[in-house]
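J.: I have a structure here, written as structure tokens, and I will follow up with some questions on it.
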């Protein structure tokens, strides 16, 4: 008997690297999207931490009035933020090498652009990595589709809105009070609370929270009893066990009697699809709303829409909101312009008799 031994070609270094990158046996899956995700998110995180602690004030409005955002310049965790790139820069790509010095780059808010653009690349790659791992494991792709909702929301406030408004200085500041400031100014300029897509987003987030709490509490409550009536049902289970611990038929029966029969799911797959789709679709709509308001297609305006027979305005809640919007608008960027845009746009009365 003759044995033929074939010498196996040793795999190249590149081949071993590719196998390691795409291996599903690693403790944390890397993947080709991860090759870009890891450096971009590390960069965004590192610069965020350094800038939040030590960045000097930024001339956000481009009028030589720097605004302090870092901890070392007098802020705390609540008031601190990464101040958006200066209006003097607008939408220009502003890496460090485009500035005359690092001091100039910091003064004009260069770190904001650096953080935001790396962050958006990173989270987009994280979404791609979710799809890639699902593909390698033979799973369906809906995890990445669900994650597209927060990715779209982040892209809307950090990229699409500044593009529509013409400057990164209009992007959302990276901090707690900065986020609230962004929301208040957004309401003042775009009447977002009266936009149907924002309403759908509110229904998505609040409804998703409600459905998540209902589902979790119902599953936890409808245990398959493994004990006698005289001891706690909890004694029949150990945390993380593989065996099924709840009965969907019992849960369906409970909920069907609590509300009505057809308000309850008796199919686990359709139930979980609903739990995923409701908040995702809501947040998609909100991101779409921000992206349309970026180009000044604003919320509904019912101001002074109710009048009496003499043509006198009967104030409604729309007029109250309008008055609040004007108040918020005159308070922000108070030194950048003399009047809010709504007032400045009104035609001056004729004075020639």
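Note that Cβ sites are derived from N, Cα and C of the backbone, with glycine treated the same way.
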J.: With Swiss-Prot as the source, identify the stretch among 175-196, 197-218, 219-240 annotated transmembrane segment.
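T.: Going through 175-196, 197-218, 219-240 one by one, Swiss-Prot flags 197-218 as transmembrane segment.
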J.: To which of the residue ranges 86-101, 102-117, 118-133, 246-261 does Swiss-Prot assign the term transmembrane segment?
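T.: Feature transmembrane segment in Swiss-Prot: residues 118-133.
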J.: Can you say which of 142-156, 157-171, 292-306, 307-321 is given as transmembrane segment in Swiss-Prot?
T.: 142-156
J.: Match it up for me: which of 29-46, 47-64 does Swiss-Prot list as transmembrane segment?
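T.: Of 29-46, 47-64, Swiss-Prot gives transmembrane segment for 29-46.
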J.: Let me make sure I understand the structure: which of the recorded positions listed (126, 161) has the fewest other Cβ atoms within 10 A of its Cβ?
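T.: Sparsest of the recorded positions 126, 161 by Cβ contacts within 10 Å: 126.
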J.: Counting Cβ pairs under 8 Å to the transmembrane segment (118-133), which of 29-46, 142-156, 197-218, 274-288 comes out on top?
T.: 29-46
J.: Checking distant contacts: for the transmembrane segment (274-288), what same-chain residues at least six beyond its ends satisfy Cβ-Cβ under 8 A?
T.: 142, 145-146, 148-150, 152-153, 155-156, 197-198, 200-205, 207-208, 211-212, 215, 265
J.: Measure the Cβ-based neighbour count of residue 118 (chlorophyll a ChlzD1 binding site), defined as the other Cβ atoms within 10 Å of its Cβ.
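T.: Taking every protein chain into account, the count is 20.
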J.: What does the structure give for the C-alpha distance between residue 118 (chlorophyll a ChlzD1 binding site) and residue 161 (site 'Tyrosine radical intermediate')? Integer Å is fine.
T.: 17
J.: Sorry to bug you, but what's the C-alpha spacing from residue 126 (pheophytin a binding site) to residue 161 (site 'Tyrosine radical intermediate'), rounded to the closest Å?
T.: 22
